[in-house]
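Enquirer: According to Swiss-Prot, the protein has these features:
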- PRO3: N-acetylproline (MOD_RES)
- LYS14: N6,N6,N6-trimethyllysine (MOD_RES)
- ASN123, THR173, LYS177, ARG295, HIS327, SER379: substrate binding site (BINDING)
- LYS175: active site, proton acceptor (ACT_SITE)
- LYS201: N6-carboxylysine (MOD_RES)
- LYS201, ASP203, GLU204: Mg(2+) binding site (BINDING)
- HIS294: active site, proton acceptor (ACT_SITE)
- LYS334: site 'Transition state stabilizer' (SITE)
Amino acid sequence: MSPQTETKASVGFKAGVKEYKLTYYTPEYQTKDTDILAAFRVTPQPGVPPEEAGAAVAAESSTGTWTTVWTDGLTSLDRYKGRCYRIERVVGEKDQYIAYVAYPLDLFEEGSVTNMFTSIVGNVFGFKALRALRLEDLRIPPAYVKTFQGPPHGIQVERDKLNKYGRPLLGCTIKPKLGLSAKNYGRAVYECLRGGLDFTKDDENVNSQPFMRWRDRFLFCAEALFKAQVETGEIKGHYLNATAGTCEEMIKRAVFARELGVPIVMHDYLTGGFTANTSLAHYCRDNGLLLHIHRAMHAVIDRQKNHGIHFRVLAKALRMSGGDHIHSGTVVGKLEGERDITLGFVDLLRDDFVEQDRSRGIYFTQDWVSLPGVLPVASGGIHVWHMPALTEIFGDDSVLQFGGGTLGHPWGNAPGAVANRVALEACVKARNEGRDLAQEGNQIIREASKWSPELAAACEVWKEIVFNFAAVDVLDK
């Protein structure tokens, strides 16, 4: 331990303010397997050295405060403090640096994403010495991962429950998202499921409003999916949004869903909060319910490149807190999502072990030590012409969710579902035959449309719909 960075009670207390880097910048530190490691994108205020800025982040997100306090001498500061152990300049960006910070595991409560974030991304983001701050990535050590239940069931158990293998799952968000009565809402659910979809979904802001109370919606949706199951011989589901104003009300809605016998419920995990989400995930595992997660509010937190929290961190946090699905962007649709970045955090959601790969934005190797995986959900502005790209990008372990791309079909909801199912089956068959979906995708869809009038009509409606906008959040050069 360097004398410069070691804190000793024996040297006595000296009041005043000292530079953070004297205590919290420790480039000689060797990280431990049990440390939580963080990569912050730091933009210091003019005149603030990067070492001081990085040390300030480490201090303010762990044991430090703005002045020396005499109670520092009552504990082992070196055991508990965060340490900025490396700083890199960001190539191509003015006054931006990646500051790497190591946190001792004892700083965090076991099994609590809430506590972890309260420390790491708490007051430090309002610190005046920083112009901007973004948490790019976290390395969660196996010792901490093991304190979490994680997803209620995971990918393999979900496939076994649904008895569906060898292809992506198909979904649809019911539209319009607000204003339908419960009976009309249930009718739309039935038509989509009968047409060939695996799931339908409540939109994120469908909770319990005057036009459709939650209990009525749950009843009509359950009736719809059971009727569709009988007619198709397939297991169906509807994501019943249990998000509510209190945890108690949320659990009450999940209990009612279980009593109805439906397979899956839903939660808005960012607006609902990590404590509520973890509570619901535990209930779902104990009671055999799958849990679909919507990421409403994420872009407020993750879209700007120099400030906030990258979605790969929010995705890791969700895997720890618990969820069987989570929306991940589409790459090709209407929502933000650069391909390499998206595939990076998709792997972090699904795989058991992910190597560091800066070309995909992954700053640390992550070992999930058999924590169940999460299915990424591609949703937002997608239609049948996107099916080859979606199948190629996301692979089998995913949910492809078409809202307007189902309900906007000129012949109605059921034909819209048929069009999507035929397009998906054609893409999976072509891929399994060795065809290149990226190069032959349009041809594959045209060939399939010759045998499906529903798909042909969908192809005509959406043949010119594209979303050509540059991504805001891109990889560093």
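For all residues, glycine too, the Cβ spot is worked out from N, Cα and C.
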Enquirer: Using a 10 Å cut-off on Cβ-Cβ distances across all protein chains shown, tell me which of the binding-site residues (ASN123, SER379) has the largest neighbour count.
Expert: SER379
Enquirer: What is the separation, in Å, between the Cα atoms of ARG295 (substrate binding site) and GLU204 (Mg(2+) binding site)?
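Expert: With distance taken Cα to Cα, GLU204 (Mg(2+) binding site) is 8 Å from ARG295 (substrate binding site).
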Enquirer: What is the total of other Cβ atoms whose distance to the Cβ of GLU204 (Mg(2+) binding site) is within 10 Å?
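Expert: Excluding its own Cβ, the number within 10 Å is 20.
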Enquirer: List the other residues in this chain whose Cβ sits within 8 Å of the Cβ centroid of the Mg(2+) site residues LYS201, ASP203, GLU204, in sequence order.
Expert: THR173, ILE174, LYS177, ASP202, ASN205, VAL206, TYR239, ASN241, MET266, HIS294
Enquirer: Select the closest residue to ASN123 (substrate binding site) from the following recorded positions, measuring between CA atoms: LYS175, GLU204, HIS294.
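Expert: For ASN123 (substrate binding site), the closest Cα among LYS175, GLU204, HIS294 is found at HIS294.
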Enquirer: Taking the residues ASN123, THR173, LYS177, ARG295, HIS327, SER379 listed for substrate, what is the greatest CA to CA distance in Å, to the nearest whole number?
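Expert: Per the listed residues, the maximum Cα distance equals 37 Å.
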Enquirer: Quick check for you: of the recorded positions ASP203, HIS294, HIS327, SER379, which have their Cα within 10 Å of the Cα of LYS175 (active site, proton acceptor)?
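Expert: Checking Cα-Cα distances against LYS175 (active site, proton acceptor), the recorded positions within 10 Å turn out to be ASP203.
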Enquirer: List the residues of the same chain that sit at least 6 positions away from the residue listed as 'N6-carboxylysine' in sequence and have their Cβ under 8 Å from its Cβ, in sequence order, or write 'none'.
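Expert: Spatial neighbours, sequence-distant, of the residue listed as 'N6-carboxylysine': GLY171, CYS172, THR173, ILE174, HIS238, TYR239, MET266, HIS292, GLN401, GLY403.
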Enquirer: Provide the three-state secondary structure of ASP203 (Mg(2+) binding site) computed with DSSP.
Expert: coil
Enquirer: Near HIS327 (substrate binding site), which residues of its chain come within a Cβ-Cβ distance under 8 Å, counting only those 6 or more away in sequence?
Expert: ILE293, HIS294, ARG295, PRO376, VAL377, SER379, GLY380
